[in-house]
Amino acid sequence: MEPHIVDRTRNAGWIEVVCGSMFSGKTEELIRRLRRARIARQETIAFKPALDTRYSDDEVVSHDETALPTVPVESAASMIRQADGADVVGIDEAQFFGNDLVEACQTLAARGVRVVVAGLDQDYKGQPFEPIPQLMAIAEHVTKLHAICVQCGAPANHSQRIVPGDERVLLGATEAYEPRCRDCFQPGEVPESTAPAPAAPVTSSASPEGGE
Ligand SMILES: Nc1ncnc2c1ncn2[C@@H]1O[C@H](COP(=O)(O)OP(=O)(O)O)[C@@H](O)[C@H]1O
Ligand SMILES: Cc1cn([C@H]2C[C@H](O)[C@@H](COP(=O)(O)O)O2)c(=O)[nH]c1=O
Ligand SMILES: [Zn+2]
């Protein structure tokens, strides 16, 4: 259910969380909710972490290239300052804001704002990705979305990293991650089928297949 009414008779907002794996449609759903709020003539503003420059500096863009103007911010605190006057605040890639986001969302909701937060609930190891689990606990509404497993077509709950790197934050899209179901997910490993092949030793000019 998508809550969409701002109750101006009471000074209470609420928090909605839209979570799931990569490619599950979190950004599309965030954009959809904000567009509908604007149709209802509510003041909206969308934020994303400044570090996420994958598709655009000043838009949230889904993997399907649906876009909405957005304000890149360095911190959750700066979001509170810039959200003045908004009825509805959208936050994409919320996993990159850290735990300060929990307090910021509480402050906005207490001010009467509808806060829609979209983010990854798990990292590439399948571990809870803070602050999304904390936000899910305090949110009035939680929507969990699924992508399609690229291996078997089942609903995908995991984001498989397919490039080397054990840092938690590693920006990317299809070149670095695949959505996978529980069965096909290999937590924290670079699957051999998708890992870059090791450099071949230079031995002879002719390939075994007799190619070029
Ligand atoms: N394996 C997949 N499963 C589902 N959607 C996919 C997949 N690969 C690409 N997509 C595209 O990604 C879109 C969702 O993008 P987006 O809203 O940016 O997701 P998220 O924000 O959750 O990463 C889908 O509508 C679809 O066009
Ligand atoms: C699993 C995982 C992902 N990331 C990065 C990769 C992307 O830049 C974003 C997720 O974007 P999406 O809109 O949900 O597709 O997060 C990461 O840094 N660490 C991870 O473990
Ligand atoms: Zn699968």
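Backbone N, Cα and C define each Cβ position, glycine as well.
Listed in TrEMBL for this protein:
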ACT_SITE  Glu93  active site, proton acceptor
BINDING   Gly20, Ser21, Met22, Phe23, Ser24, Gly25, Lys26, Thr27, Asp92, Glu93, Ala94, Gln95  ATP binding site
BINDING   Cys149, Cys152, Cys181, Cys184  Zn(2+) binding site
BINDING   Val169, Leu170, Leu171, Gly172, Tyr177  substrate binding site
COMPBIAS  189-212  compositional bias 'Low complexity'
REGION    184-212  region 'Disordered'
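The structure, with features from TrEMBL marked on it.
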| residue | record | DSSP class |
| --- | --- | --- |
| Gly20 | ATP binding site | strand |
| Lys26 | ATP binding site | helix |
| Glu93 | active site, proton acceptor | coil |
| Val169 | substrate binding site | coil |
| Tyr177 | substrate binding site | strand |
| Cys184 | Zn(2+) binding site | coil |
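Here Cys181 (Zn(2+) binding site) comes close to Cys149, Gln151, Cys152, Ala154, Pro155, Ala156, Asn157, His158: these same-chain residues lie at least six apart in sequence, with C-beta atoms under 8 angstroms from its C-beta. Residues near Lys26 (ATP binding site) in space but far in sequence (CB under 8 A, at least 6 apart, same chain), listed by position: Val18, Cys19, Gly20, Asp92, Ala118, Gly119, Leu120, Leu145. Here the binding-site residues are Cys149, Cys152, Val169, Leu170, and the one ringed by the most other CB atoms within 10 angstroms is Cys149.
Long-range C-beta contacts of the residue listed as 'active site, proton acceptor', restricted to its own chain and to partners at least six residues apart, with a cutoff below 8 Å, comprise Lys48, Pro49, Asp52, Ala118, Gly119. Cα of Leu171 (substrate binding site) to Cα of Ala94 (ATP binding site): a span of 13 Å. Per Cα geometry, Tyr177 is the residue among the binding-site residues Val169, Leu170, Gly172, Tyr177, Cys184 nearest to Ser24 (ATP binding site). Cα distances from Gly172 (substrate binding site) to the binding-site residues Met22, Ala94, Cys184 are smallest for Met22. Cys152 are the binding-site residues among Cys152, Leu171, Tyr177 whose C-beta comes within less than 6 Å of an atom of ligand 3, given in sequence order.
The Cβ of Tyr177 (substrate binding site) has 21 neighbouring Cβ atoms from other residues within 10 Å, across all protein chains displayed. Among the binding-site residues Asp92, Leu171, Gly172, the ones whose Cβ sits under 6 Å from an atom of ligand 2 are, in sequence order, Leu171, Gly172.
By the rule that a residue counts when its Cβ sits under 6 Å from some atom of ligand 1, the binding-site residues Met22, Ser24, Lys26, Val169, Gly172 yield Met22, Ser24, Lys26.
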